[in-house]
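Here the structure is laid out as structure tokens; the discussion comes afterwards.
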Amino acid sequence: MTTLTQSVARPRATTAPQRVRRGLSGKVASAVAIVIAVLWTTPTFGLLLSSLRPEDQIKSTGWWTFFSDPQLTLENYQQVLFGTSSSSGQMASFLINSIVITIPSVLLPLALATFAAYALAWLPFRGREWIYIGIFALQIVPLQMALVPLLSFFSQGVDVFGVHILPAWDLEGPGRFVQVWFAHTCFALPLGIFLIHNFMSELPGELMEAARVDGATHGAILRKLVLPLVGPALATFGIFQFLWVWNDLLVALIFAGGTAETAPMTVRLAQMAGTKGNEWQRLTSGAFVSVVIPLAVFLSMQRYFVRGLLTGSVKG
Amino acid sequence: MDFDFAAEQPKLVQLLIGIAAFLVVVAVILLLVDRAPMRRRAWTHATILLLPAIVLLAIGLVVPAVRTTLLSFMSGDGMRWVGLDNYAWMFTQPEALTVLRNTLIWVLLVPLLVTSVGLLYAVLVDRTRFESLAKSLVFLPMAISFVGAGIIWRFVYAYRADDQDQIGLLNQLVVALGGEPRQWLQDPPLNTLFLIAVMVWIQAGFATVVLSAAIKGIPAEIVEAARLDGASPTQMFFRVTLPSIRSAVIVVLVTQSIGTLKLFDIVRTMTGGQFDTSVIANEMYNQAFRYGETGKGAALAVFLFALVTPIVIYQIRQRREVR
């Protein structure tokens, strides 16, 4: 901590933007920066430490007592992950659900958005501008607006003026995953097509033209030329979609139900927070289990994510 | 370990089916595109590539949006037309008005706080030796689900009676300073502010990263010139830094407003909307999926749509200007 303070406060070889900072700098400024960093880190740290403390201790003393009376255990994780009683958490089951939900819900929109973006960026057909604008505009529709009708689409099929056009899906058990994949795929497409299209339309057109003159089909151009080049855009959207699906509560609550058969971890955690608000040993370890995978993905892919974020937002 | 792996197998089978379906879809589309002769006009290819996405968008977004709008003029069971009754309920009943008031507080405070904290932090850590570590620390909550964050913060706000040891950090601090422990999440209207703190905690990292990149993009000559003219630090910030990163600030404000309007998970996990903390998105879920009041839920969703639309249109215009 002290080294951080010193390095922030000490004037070093300055570049112009640094002077902007130093304008606000000095001891107060670095103190503020440290306070923010501590404020932002402490809650998560407290959760992690708590999840490792024995049950009676979590419930009777604050996690900071760990420093005077260190006791750690993996008991909470054992219980919350693998316990079989209905009150234990059964997180392992819900963890598997989360994985089963996430993989197709990332792959499908990624592929479909890439195809659509390619067509919109590189195929000269009439009305493509309008289709593109239409898809972009669909970002306006809040998820909340789509939920009730989409649910009835799954459970009752489609009727037009009393004529049954599509049957109900009547999905039961693991089949309900299909609904969730379907919903996530639909909801992800506007943003996905938009992001990938932005990136794709900046590829040099001569490249495609040359390939076509050589007799390559659109399929071949897509596979061999475009895909390797739009890698960064796909990575950005993939991470984004992964985090969104993994962390989603609303779509899962409605389309996956609430049981260990299909519901993801977020749903389980929300249930536990509602009904067992005082079972801190399970809440903390459960929350940490749900946080670990996205954190790992996020940390290892942070660079791509930030890059994509910036091309998408700042440059416009 | 009494975990039953056999019981999990149907799920994994389902996952394999899902992945197989994905591969089939991709293969079929690529095959069709390859088979369609290149000589033909582009729209054959375009149709093959676009059709799946457009069909899904129609089923998943367009038709539902239209139907929800219709539902909002119908009774809860969707059997008869009730005109504007649902909207009248939204703007007159005290409980619905509380929801609107809360949403207003959220959408005014969150973008403002997120942007100011993000900007302050970005300026403070800019070009320091620990910049990337410092930014990562604040950026991390972005990866945590709102539900997970809700639990983290419920723990911070946890309450124990006066005579017991506190386990929540906030009450511990209050007690250490000689105060009385409080049930932070149960006294309106302050509890809404405590929920808002969670949202700010999650989102500030996003603002930091975006704004920090913008700050680094300020041309050095401008800063140099301002310094030569003898600008004070405060002048520097308000006359040079802030105007130069205006478009990035707007991007952050806009995305935060949209995200805040649709916010649902934090409220649901932390209070369930009790103690006067509900917001539009949460109330919409309650009405439509818990009380079976589809009409009221739909009206709330349409209202949400009406609130989001101008912000998104503004964003599109901004993008055009930047280009």
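Placed from the backbone N, Cα and C atoms, the Cβ positions cover glycine too.
As given in TrEMBL:
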- B:12-33: transmembrane segment (TRANSMEM)
- B:45-66: transmembrane segment (TRANSMEM)
- B:100-317: domain 'ABC transmembrane type-1' (DOMAIN)
- B:104-125: transmembrane segment (TRANSMEM)
- B:137-156: transmembrane segment (TRANSMEM)
- B:193-215: transmembrane segment (TRANSMEM)
- B:236-258: transmembrane segment (TRANSMEM)
- B:298-316: transmembrane segment (TRANSMEM)
Should anything in the same chain at least six residues away from the transmembrane segment (B:104-125) have a Cβ under 8 Å from its Cβ atoms, list it; otherwise answer none.
131, 134-135, 138, 189, 192-193, 196, 199-200, 203-208, 210-212, 215, 237, 241, 249, 252-254, 256-257, 260-261, 263, 279, 307
Intrachain residues whose Cβ lies under 8 Å of the transmembrane segment (B:12-33), provided they are six or more past its termini:
45, 48-49, 52
When you scan the chain for residues with a C-beta under 8 Å from the transmembrane segment (B:45-66), skipping those not six or more beyond its ends, what do you find?
25, 29, 32-33, 36, 305
In the same chain, who gets a Cβ under 8 Å from the transmembrane segment (B:193-215) while lying at least 6 residues past its ends?
105-106, 109-110, 113-115, 117-119, 121-123, 125-126, 135, 138-142, 144, 146, 149-150, 153, 157, 184-185, 241, 244-245, 247-249, 251-252, 255-256, 259-260, 263, 266-267, 270-271, 277
